[in-house]
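If you look up TrEMBL, you'll see A:26-A:58, A:36-A:47 marked as disulfide bond.
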């Protein structure tokens with residue numbers, strides 16, 4: 001069982017969402033990632049930081065639901 | 001034996017980070033916010049006692065002197081401009097003295113922490129909590145996620161706290177800015193840990209953020225604080241603050257275990 005050193009880092013505070021309700025923050029990071037993928041292509045690593053942010057903020061259940069919606073073409077975000 | 005008990009009860013050096021039987025005061029603070037709340041409480045209680053004593057004195061003396069034999073002639077004062085001004089201005093001054101530390105604490109609690117080191121999601125279910133540590137995910141699949149159920153009374157070991165212990169604690173690093181994201185998968189719950197000065201509602205479809213900075217290592221107990229059904233009283237929260245290095249080790253171990 002190899003013990004990888006984990007990097008203790010997380011999504012920084014986003015001043016577009018300064019208050020307690022971070023729902024929009026999670027959602028924004030999610031579709032920013034997918035917009036970035038669309039723009040830059042799946043190969044590039046530049047979009048990875050958005051992926052880290054939305055994974056830190058959004059519950060797994062929500063991510064899975066949105067992934068399914070995207071696959072079915074019914075995702076409500078501005079993609 | 002009695003002296004031993006006396007020492008045990010009054011000269012203990014352990015912190016009170018869980019509810020105690022017959023407890024009257026706050027649990028010991030482990031975060032600057034909780035310390036601020038306790039200090040504000042002391043400030044307000046000072047004025048509260050002054051006002052209480054004064055009001056009680058007025059009430060008691062009115063009852064005492066209301067006697068046909070000893071005080072047959074009542075007062076017939078109906079106006080008194082000076083005293084009316086005094087008893088309007090004076091309470092406003094007291095309120096100002098109370099408001100200043102209160103607003104200072106309130107606004108400092110709302111300060112945005114620009115760079116938290118850890119984000120932990122607490123998801124309320126009926127009737128347990130799920131904790132997700134997704135900072136270390138490399139893909140959308142879950143990495144460090146676990147459920148936290150209360151240990152039933154029959155399974156408690158000697159020394160464990162009834163209705164407060166859980167099987168998997170929330171391990172966090174002390175002296176580090178944490179971001180807690182609280183939500184729910186079904187009904188309303190509330191993630192509350194008194195020692196940390198945290199109470200945050202878990203609302204389905206909403207992510208509520210709260211920042212914590214735990215100043216000392218220790219184990220902190222809390223309970224669900226929003227009625228959520230039949231086992232609302234049986235879904236406690238236990239936060240274990242460890243030093244930064246131990247936290248890193250724990251995360252690595254958990255990731256290894258979950259990937260195997």
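Residue positions begin at 1 at the first shown residue.
The backbone N, Cα and C atoms fix where each Cβ goes, and this holds for glycine too.
Where TrEMBL records a feature, it is marked here on the structure.
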| residue | record | CB count, 10 Å |
| --- | --- | --- |
| A:26 | disulfide bond | 24 |
| A:36 | disulfide bond | 17 |
| A:47 | disulfide bond | 18 |
| A:58 | disulfide bond | 28 |
Cα separation, residue A:26 (disulfide bond) to residue A:36 (disulfide bond) (Å, whole number): 15
Between residue A:58 (disulfide bond) and residue A:47 (disulfide bond): CA-CA distance (Å): 17
Listed disulfide-bonded residues (A:26, A:36, A:47) that sit near chain B [CB under 8 A]: A:26
Secondary structure of residue A:36 (disulfide bond) (DSSP, helix/strand/coil): helix
